[in-house]
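The structure appears below as structure tokens.
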């Protein structure tokens, strides 16, 4: 199993690379970034774990060397959000970065699983799909937007109410997109079920939706949610790798191209969105089946979903338009 981190020297990339270096599922870890990759690689190379490691800069065909032979490519590349900056402000810069990396994937490892962390995910995943389609290499079962941090936050924040020892043992589906009001936690579908007092539901929902802002504010200009995002990205990557190696019964919420995944057409029809995060069963070839749990949402959640649909459609269209009508330099 060869894993690649594209954007490995950044705030998310470094802790994500550390987790992957320590992961027994990874035999070969390649790091790629436009700066500082040699230093990060040297540091991690001293860790006594299975994965052999190498790192590359753009010079001397670095991207080609990093990506060739990859089984899974995780992309946290891009600039972080700063105080007062919306996810939208990030768009033009990060969209161009993701487009360039996906062009590399299409050329050097078209069969790899591709996990997009770079924000805004609601737009960068459609960008990736359009680039791969143009190259004739799009496999919807292998392209994932990583929305796991929303799930991790929902699990963590609910623990304050339930008091369970291990928050990860409560499975809470979070569907929709990966920014603000497009994030829809379905607390009514939690397993085991959780009893959330009515007066706390608004606050809890908003905290999951705006969790990133909480961290940006606390870091006071020194960064965004990098460590928790690295953990969430690793958790999802680990599940993808476990499924690829034959483990069955793995279901994770992730942002996918619905028409390309079994069960997705019905969800696309119901939501009016071709991209949407839902619980997806993972297998050896990637996304096996999208689970439609929208009909199970309660009235409170259905109102949240109505708000989500409109905003998410705009985000998706923006990503597609970026590839089809590139901004003039």
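One-based numbering along the chain as shown.
In case you wondered, yes, glycine gets a Cβ from its N, Cα and C as well.
Caution: TrEMBL annotation is automatic and unverified by curators.
Not measured: the values here are computed from a predicted model.
These come from TrEMBL:
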| type | residues | note |
| --- | --- | --- |
| DOMAIN | 1-145 | domain 'Lactate/malate dehydrogenase N-terminal' |
| BINDING | 7, 8, 9, 10, 11, 12, 13, 33, 94, 117, 118, 119, 229 | NAD(+) binding site |
| BINDING | 81, 87, 119, 153 | substrate binding site |
| DOMAIN | 147-322 | domain 'Lactate/malate dehydrogenase C-terminal' |
| ACT_SITE | 178 | active site, proton acceptor |
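Locations of recorded TrEMBL features on the structure.
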| residue | record | CB count, 10 Å |
| --- | --- | --- |
| 7 | NAD(+) binding site | 27 |
| 9 | NAD(+) binding site | 22 |
| 11 | NAD(+) binding site | 20 |
| 13 | NAD(+) binding site | 28 |
| 94 | NAD(+) binding site | 24 |
| 118 | NAD(+) binding site | 28 |
| 119 | substrate binding site | 25 |
| 153 | substrate binding site | 25 |
| 178 | active site, proton acceptor | 29 |
| 229 | NAD(+) binding site | 24 |
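For residue 178 (active site, proton acceptor), the spatially nearest entry among the binding-site residues 7, 119, 229 is 119, judged by CA separation. When every Cα pair among 7, 8, 9, 10, 11, 12, 13, 33, 94, 117, 118, 119, 229 is compared, the largest distance found for this NAD(+) site is 18 Å.
Between the CA atoms of residue 118 (NAD(+) binding site) and residue 153 (substrate binding site) there is a gap of 18 Å.
Residue 9 (NAD(+) binding site) and residue 153 (substrate binding site) are 25 Å apart (CA-CA, integer value).
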